[in-house]
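Taking it in order: structure first as structure tokens, then the write-up.
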Amino acid sequence: MALVPLRLLLDHAAENGYGIPAFNVNNLEQIQAILKAAVETDSPVILQASRGARAYAGENFLRHLILAAVETYPHIPIVMHQDHGNAPATCYSAIKNNFTSVMMDGSLEADAKTPASFEYNVNVTREVVNVAHALGVSVEGELGCLGSLETGAGEAEDGHGFEGTLDHSQLLTDPDEAVEFVEATQVDALAVAIGTSHGAYKFTRKPTGEILAISRIEEIHRRLPNTHLVMHGSSSVPEDLLALINQYGGAIPETYGVPVEEIQKGIKSGVRKVNIDTDNRLAITAAVREACAKKPEEFDPRHFLKPSITYMQKVCAERYQQFGTAGNASKIKQISLEDFAAKYAKGELNVVTKAAAKV
């Protein structure tokens with residue numbers, strides 16, 4: 001099976017009531033771990049790369065690593081997704097490099113730091129949708145800024161994140177604006193702001209509805225029942241990995257991620273894509289620290305990196321099971337980008353909101 005568009009997987013997930021973890025990748029070991037977990041659980045795969053990942057690995061290296069995964073595991077549907085595109089040009093360069101899905105994050109201006117107006121967000125996202133859909137490529141948009149409801153601050157990831165602090169009106173997606181945004185842009189997926197943020201330091205205490213607004217997802221889903229929703233910054237920050245890192249010389253303070261049971265609530269309310277990066281970073285770090293400490297005389301990097309694949313595979317397999325993704329890869333039928341482009345052109349994939357349906 002060739003690379004597939006995101007819309008194919010999200011439509012299947014919606015029809016069958018499950019969510020799909022979208023794992024960020026930078027290197028060979030991450031891709032191997034994710035695909036091993038996918039084969040183990042018969043799960044479809046979303047591999048996503050930030051601008052930072054593309055710069056770190058190099059366009060050609062990253063593209064060929066993912067294409068190698070497609071060749072090695074032809075029975076697993078794989079999406080190649082651009083995470084947090086800061087401008088149309090970023091999305092277009094991703095499409096040129098075989099990405100089958102792009103995120104136009106117009107919640108921030110092109111500097112990836114300044115919160116953007118609603119009008120700006122609509123305009124840049126719609127521009128990308130028009131170009132991408134003509135090629136059969138899927139588009140994810142974002143409304144609201146990712147950041148902590150505890151502090152009002154965001155966590156920059158690869159240079160992407162607002163500076164300073166914002167109030168709750170900017171940190172929570174407005175349901176009315178969400179309806180207007182989806183109608184105006186026709187995005188395939190909508191990332192919503194509910195109090196999550198990038199990195200390991202998401203919450204200083206176990207999150208409750210006061211600082212993790214799953215109820216906002218439920219409200220948006222009631223207004224947009226046919227729209228695929230996305231949760232960003234949704235690593236769960238496993239306590240066992242934190243403990244292992246600190247046991248072998250780390251110094252990560254007490255911190256909390258997004259509980260799996262809260263993500264599962266989101267999936268019941270239309271969340272189809274769940275972004276995860278930190279959990280795999282913690283798995284790598286725990287494995288490498290442990291291997292280095294137990295055999296300090298070792299100098300072959302494979303001694304440190306092979307355990308990291310095992311640790312990440314365990315995390316990924318757990319998420320595939322917990323989100324209901326497992327068992328679905330073999331049920332998804334290939335549809336080409338060309339066929340998707342034709343469907344977009346005919347209006348067959350237009351998102352119809354409740355508000356639009358009443359008109």
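Glycine residues also receive a Cβ, built from the backbone N, Cα and C atoms like all the rest.
What Swiss-Prot records for the dihydroxyacetone phosphate site is Gly233, Ser234, Ser235, Asn275, Ile276, Asp277, Thr278, and among Gly199, Gly324, Gly327 the residue it adds there is Gly199. When the candidates His81, His84, His133, His303 are compared with the Zn(2+) 1 site entry in Swiss-Prot, which names His198, His232, the shared residue is His84. In terms of Cα spacing, the binding-site residues Ser50, His84, Asp105, His198, His232 that come within 10 Å of Thr278 (dihydroxyacetone phosphate binding site) are His198.
Asp83 (active site, proton donor) is 11 Å away from Ile276 (dihydroxyacetone phosphate binding site) when you measure Cα to Cα. Secondary structure at Ser50 (D-glyceraldehyde 3-phosphate binding site), as computed by DSSP, is coil.
Taking Gly233 (dihydroxyacetone phosphate binding site) as the reference point, the recorded positions whose C-alpha atoms are within 10 Å of its C-alpha, out of Asp83, Asp105, Glu142, His198, are His198.
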